[in-house]
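Asks: Dropping the structure in here first, questions after.
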């Protein structure tokens, strides 16, 4: 009976390999549903309770960006000093949220507020505010662009 080497190679690859008499198990991918159930189980062990009345949450990052949770679920276990925030975060600039988050800003964000105030006093648009390095880069890029107000392009050259 002739044996086709291609079919034989395909069969050998498809069968589970044995190492030391036991089969090698294929790794299963971790799904987010499994992560969620593990998180829920862990919060249950800590006796975390749902905290009502939280409409939004903001996490301030070092680079001046804010993780903004519009609809947030909060569970807390004060005995274990553990709190879980669940929802879909949006990364926003601090200037996009400035009227709503002024009461939430602490001492660590005073430098960002100071930079914003300087930009407003200088007449710049605060929407352009990002990190301090980004503001300097846009100023340098705008220096090369000539003002063409009430002039023709051919006259400038």
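Yeah, the Cβs are placed from backbone N, Cα and C, and that goes for glycine too.
What Swiss-Prot shows for this protein is this:
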REGION    1-31  region 'Disordered'
DOMAIN    33-98  domain 'NAC-A/B'
REGION    125-157  region 'Disordered'
COMPBIAS  130-139  compositional bias 'Low complexity'
Asks: Which residue counts does DSSP yield for the domain 'NAC-A/B' (33-98) in the helix, strand and coil classes, in that order?
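Replies: Final tally across the stretch: 21 helix, 27 strand, 18 coil.
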Asks: Just to confirm my parser: what is the rounded mean pLDDT across the domain 'NAC-A/B' (33-98)?
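Replies: Within the domain 'NAC-A/B' (33-98), the model's average pLDDT equals 87.
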